[in-house]
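Peer 1: Let me give you the structure first, and then I'll get to my questions.
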Amino acid sequence: MVGFNVGSVAFNSDGWGPPESSPSSPPLSLPNHPSHVPFAPFSRSDKLGRIADWTRSNYNHPNNRNPNNHRNNPSDSAFDFTGDDSFGLNNPDDDSSFRLVDGKPPPRPRFGPKWRFNPHYHNRNQNQLPQRRDEEVEAKKREAEKERARRDRHYHQNHRSGGAHHHQRREAASLKSSVDIQPEWNMLDQIPFSTFSKLSFSVPDPEDLLLCGALEFYDRSYDRVAPKNSRPLERFKNRNFFKVTTTDDPVIRRLANEDKATVFATDSILSTLMCAPRSVYSWDIVIQRVGNKLFFDKRDGSQLDLLSVHETSQEPLPESKEDINSAYSLSVEAAYINQNFSQQVLIRDGNKVEFEEGNPFANEGEEVASVAYRYRRWKLDNDMYLVARCEVQSVVEVNNQRSFVTLNALNEFDSKYSGVDWRQKLETQRGAVLATELKNNANKLAKWTSQALLASADMMKLGYVSRVHPRDHFNHVILAVVGYKPRDFAAQINLNTSNMWGIVKSIVDLCMKLNEGKYVLVKDPSKPQVRIYEVPADAFENDYMEEPLPEEEQVQPPAEDAEGGEEIAAAMDVEEKEITAEA
């Protein structure tokens with residue numbers, strides 16, 4: 001067996017460590033002891049560890065800095081001689097001969113690091129540097145932004161060109177059919193919106209057959225309203241608004257009996273057809289073929305008179321119908337705002353412009369809203385004429401000439417949905433506010449513009465009305481009123497009048513080929529197309545609103561005075577009572 005010579009250890013009676021050599025005593029000689037190596041003294045408070053750990057790898061190696069490996073922990077040894085510069089140095093007091101061995105973790109940054117060490121990721125790829133990981137994340141973010149911008153560009157191009165590729169993120173509640181399709185209905189045809197965008201038809205200037213009603217003058221002081229001097233929106237509960245369908249209009253009945261035209265409609269129905277490619281929500285129009293005449297009607301209880309809000313936006317609205325920001329609640333609120341706005345911006349001093357006949361839907365002594373009905377006739381073919389009832393809400397007098405004005409209001413319900421705060425942007429960036437509204441409400445603005453063109457209005461006034469508080473849907477303020485010429489505004493939003501009339505002409509031609517009877521044209525709730533169904537003659541006769549009115553308000557008006565505006569007012573009254581109850 002091989003022996004192991006431990007050697008002799010000198011005894012130091014004067015203190016710790018090996019005895020010091022003196023001139024009187026020879027220097028201490030130990031076997032296998034390197035010469036000229038200084039002794040590293042330590043105090044009693046120092047922690048002692050292993051003098052040498054042969055199983056330990058080099059911690060300073062760049063590929064071995066894994067904090068989860070206990071064998072690489074610098075606290076395993078009080079003295080770490082690997083890479084110690086004290087060996088071979090003549091001056092032991094040099095700073096480079098000492099280095100701090102500290103096992104404490106580094107202090108955490110106060111506000112958090114931009115990159116946090118991930119041991120799992122580090123184990124998977126030890127050669128991957130943290131900076132490189134950040135670059136990959138930033139690159140992925142940039143690619144995602146490019147893809148999002150590409151989709152937005154594609155979306156806007158489709159809507160500018162009249163396409164109807166609406167966004168797929170719309171809520172299911174908003175994308176339900178406006179009318180329940182019954183199994184006994186017979187679908188005759190379906191027309192994709194892509195065919196509508198290619199149509200074009202020019203009509204000559206219309207002629208006025210009759211003007212009814214009375215108009216009040218527009219108050220120009222509202223042109224100077226700004227967010228800093230906004231005005232509260234007033235309520236006009238005593239003024240009656242009428243939204244009468246085509247066949248219930250006594251004037252249209254009279255004109256039909258006089259054979260003044262072949263096709264009859266209202267401006268709201270025509271504008272719905274003209275702007276159909278921009279629509280996202282479902283809608284329906286009842287078509288009646290009586291003899292050689294064609295009547296376009298709205299269904300009783302239809303939401304055609306309600307104004308859509310955020311229809312063409314990419315941000316989904318709450319699904320619950322009871323939510324104040326749901327599609328239905330916002331539609332009722334928008335209709336309420338528009339009615340009140342159209343009456344508040346007038347000079348209510350009793351001075352009115354009276355026309356040939358009074359309001360055909362008002363009773364004797366009844367206070368009615370400021371409105372004039374222009375019954376106009378367009379020539380669609382050699383022996384085919386179209387008569388439509390068009391509305392204007394006010395009149396202005398410039399250089400002793402009277403000009404007709406339409407009044408409509410955009411409404412802000414919550415800036416979080418639109419991304420633009422009107423109170424901050426209306427004065428400095430009005431164009432950005434309008435651009436956002438054109439993106440979120442493309443169909444509604446196009447319909448308002450087409451109605452102004454149908455009525456040959458000289459000016460269309462757009463009001464910007466906002467809630468006093470985002471959670472209060474009953475109190476509003478007028479932040480600004482801006483005027484536009486309808487033709488200029490139509491060009492700005494790429495609304496082509498020839499295309500509008502081309503859509504109407506194609507639908508009229510299609511319906512004139514049908515047999516006598518009743519039909520319904522329905523916008524598909526999920527696809528950019530319309531379908532035409534043949535329905536029984538008594539369809540929709542007993543239809544009613546989805547939400548019935550309270551018993552005290554269920555008073556049926558006479559047949560010729562059916563007031564669609566009362567439905568809106570009643571719905572708002574119900575909401576007002578709910579707000580009072582909550583308060």
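Note that the numbers count up from 1, one per residue, in the order the chain is shown.
Every residue gets a Cβ built from N, Cα and C, even glycine.
Any TrEMBL annotation is an automated prediction that lacks curation.
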Peer 1: If you look at how TrEMBL annotates this chain, which of 229-249, 544-564 comes out as region 'Disordered'?
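Peer 2: Checked against TrEMBL: region 'Disordered' maps to 544-564.
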Peer 1: Over the region 'RNA gate' (303-317), what is the model's mean pLDDT?
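Peer 2: The predicted confidence over the region 'RNA gate' (303-317), as a mean pLDDT, is 85.
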Peer 1: In the region 'RNA gate' (303-317), how many residues does DSSP call helix, how many strand, and how many coil?
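Peer 2: Taking the region 'RNA gate' (303-317) as a whole: 3 helix, 0 strand, 12 coil.
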